[in-house]
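Asker: Below, the features straight out of TrEMBL:
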type	residues	note
DOMAIN	45-667	domain 'Major facilitator superfamily (MFS) profile'
DOMAIN	469-524	domain 'Kazal-like'
TRANSMEM	40-59	transmembrane segment
TRANSMEM	80-104	transmembrane segment
TRANSMEM	110-128	transmembrane segment
TRANSMEM	220-250	transmembrane segment
TRANSMEM	270-294	transmembrane segment
TRANSMEM	354-372	transmembrane segment
TRANSMEM	392-412	transmembrane segment
TRANSMEM	424-444	transmembrane segment
TRANSMEM	550-576	transmembrane segment
TRANSMEM	588-609	transmembrane segment
TRANSMEM	640-663	transmembrane segment
Amino acid sequence: MENSTKENAQLFSKTIILPIDRSSSKSESSASKEKQTCCGGIKIFLGALSFVYFAKALSGSYLKSTITQIERRFDIPSSLVGVIDGSFEIGNLLIIILVSYFGAKLHRPKIIGVGCLIMSAGTFLIAMPQFFMGRYRYEIFSSSTNSTVSISPCLQDKNQIPLSVLERSQAKINAGCEKEVGSSMWIYVLLGNLLRGIGETPIQPLGITYIDDYASEESAAFYIGCVQTVAIIGPIFGFLLGSLCAKLYVDIGFVDLDSITITHNDARWVGAWWLGYLIAGVLSVLAAIPFWFLPKHLPRPESRKDSSTFSEQSKFITEDNREHHRSYEQQVKILEMAKDFLPSVKNLFGNPVYFLYLCASIIQFNSLIGMVTYKPKYIEQQYGQSSSKTNFVIGLINIPAVAFGIFSGGLIMKKFRINVLGAAKLSLGSSFFGYLLLLSLFAMGCENSDVAGLTVSYEGTKQVSSYEETLFSECNSGCICSKNEWDPICGENGITYVSACLAGCKTSNGSGKTSVFYNCSCVGITASPSRSSSAVMGACQKGNECPKMFLYFLVISVITSYTLSIGGTPGYILLLRCIKPQLKSFALGIYTLAIRVLAGVPAPVYFGVSIDTTCLKWGSKRCGGRGACRLYDSNAFRYIYLGLTVVLGTLSVFLSIAVLFILKKRYVPQDENITANGGRGMVSVQNRKDNFVNNDYLIQTTYWAEKETRL
């Protein structure tokens, strides 16, 4: 009996154990498959999102690199270019609230894919005017082209020009005017940039939250860091692409390049600005493809299934499933949340640290956005550099310095475990020394080029005048010249003349870039007796000291970019720690909105308006009217550009000092009280320090790289 009982018990245990082993093996295999699916899916999404970040950063920085090209191609002032640049922020603001709220309820990967397609459509639209507005025409003296009719530069009498030539010239102008009347093709560039802003909107909020929802907690931060690293690489390639396209003539492939009489350094030169937008548009289309094949949901990692935190989308789904069963109490809760909105706003703006830091950030971003938008133009005009070289220098030197500065700021915060007060000091010190370095750039400018009638008199004495009447002098009084043309020549005396006619040149030899002008009466006034009064095509080079000054400028510019970027991470940590935890998301939303509305949109516009006031010689459109600026007063440009930047930066520094003063007054005693409570208090403080460094640094990475992508 006992043996049979033991046998029955063993048999019973075997029958019970076997099913359990099978179920456990099944669960293990399903878990491993689920883990593989989860890891594979999130990594595919990570790769796709990284490529999107690269594409949008490249197109945004490429736009900055083509500011001067667009200005010259469409014959518009800098202020209008500023409006075009700010339209991106306007497009972003139009739908950011809708995307952020409703995006979590819908298929996030597909919404990002749609955004990429809209972004690509906007990028293509920017390039489209090139194919509809005809060939680029710049002011040029008729004998510079390969003409069979020899015409003297100094038109002493209109009768010396054959009637057929005058008729053909006038007919071409009239035909061009018929096409140009009522057409402002730059509007398409503005609308395209607006579309780019709309398309870019869902990428960051939906992409980052998708990673955060479906990646493991220890991997999410690393993945987000990878995405932002790629985003910083994007502007480098954007400016390098701008450098390559600026070397190519705007109508390359459609005109004979041997007939082009201008060089890369000429104020009329326009590169193949449209080509980079076509490349950026194709990249955006390619970036959209993977998102159409990604699932709406991914399996949640095992480590997060039992977590108390749920994804933002799952919360919405839960609400949707219970929509029909919503009780009266739930409706009351929503009403209470709505009622809490105004008190939350009041609480937020009633916090002096938050309010002052918000004001300081708005002013500082005005300074930085204006400075970066017109930096290529400043280098071109101040140091006589070509657009191609300017973009190459910014992409290869300045952008890496900014990226290294951001990394250094975060590393300093983590290495030394800096608290909130230390973060405020580091942010303030970064801004103070950065703007202090900018002051030195006032002494590193080049003097005005000697242009007869504008920066020097025809006798060679220094003067600055924007009045067109000063272009005429006794030496060219016998010539019939236009004051609107800009076709500069360089005299043997080292002075640039607005045109061969205004230089009083009687004869010319050669054609195109090799044209040489002789018997120039205005050149002979200041030329030594041993020299002939001749001139060649193109403006004279800047002074001998200018290349050296440009080198000094590059060194200081790189150090300044690095110094200012160090304070980004500490400043953002200060923003997160000066408010109540429950208001953190709301505070960040208000902060981003204020920066975009009060800095991203207006800064390029009023910087452009201020720069326009320094123009000495405006170009002219074919049908009359003012075109793009051909010559700036270098000294006035330097004082306006750097002055606005430094003044705004100084105001932000003063506000940052006020933030530090209030922070010391209000928050230091609390820390002392906590540490005075004994060992337990010390442990809590240390834990908060660790959380402060580890968590908020990762949050900063998400935000600050986005800012620098734009810069």
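Heads up, the Cβ atoms here are built off N, Cα and C, so glycines get one too.
Could you place these features in context, so I can see how deep they sit and what lies close by?
Answerer: Taken residue by residue, the domain 'Kazal-like' (469-524) breaks down under DSSP into 13 helix, 15 strand, 28 coil.
Within its own chain, the transmembrane segment (80-104) is flanked in space by residues 60, 63-64, 67, 70-71, 111, 122, 186, 189-191, 193-198, 200-202, 205-206, 209, 312-313, 316, 373, 589, 593, 596-597, 600-609, which lie at least six positions past its ends and keep a Cβ under 8 Å from the stretch.
Residues 64, 348, 431, 564, 571, 574-575, 578-579, 587, 590-591, 594-595, 598-600, 602-604, 606-607, 641, 644-646, 648-649, 651-652, 655-656, 658-659, 662, 710-711 of the same chain sit 6 or more residues outside the transmembrane segment (354-372) yet have a Cβ under 8 Å from a Cβ within it.
With a threshold of 8 Å between CB atoms, the same-chain residues lying at least 6 positions outside the transmembrane segment (392-412) that come near it are 61, 65, 232, 235-240, 242-243, 375-376, 379, 385, 418, 426, 430, 554, 557-559, 561-570, 697, 700-701, 704-705, 708, 711.
With a cut-off of 8 Å between Cβ atoms, the residues of this chain six or more beyond the transmembrane segment (640-663) that come close are 352-353, 356-357, 359-361, 363-364, 366-367, 370-371, 374, 378, 420-421, 424-425, 427-428, 431-432, 434-435, 438-439, 441-442, 574, 578, 607, 610-611, 613-614.
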Asker: Are the transmembrane segment (110-128) and the transmembrane segment (40-59) close, by which I mean at least 3 Cβ pairs under 8 Å that are 6+ residues apart in sequence?
Answerer: yes
Asker: Report, as numbers and ranges, every residue of the chain located at least six residues beyond the transmembrane segment (550-576) whose Cβ falls under 8 Å of a Cβ in that stretch; write 'none' if there are none.
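Answerer: Residues 353-354, 357, 361, 368, 379, 382-383, 385, 393, 397-398, 401-406, 408-410, 412-413, 418, 420, 422-424, 426-431, 433-435, 437-438, 440-441, 444, 446, 584, 587-588, 591, 659, 663, 692, 696-697, 699-701, 703-704, 707-708 contact the transmembrane segment (550-576) from elsewhere in the chain.
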Asker: Other than its close neighbours in sequence, what residues sit by the transmembrane segment (40-59), given a CB gap under 8 Å and a spacing of at least six beyond its ends?
Answerer: 109, 112, 116, 119, 123, 196, 200, 203, 207, 210-211, 214-215, 219, 223, 226-228, 230-235, 237-238, 241, 277, 280-281, 283-284, 286-288, 290-291, 294-295, 298-299, 709
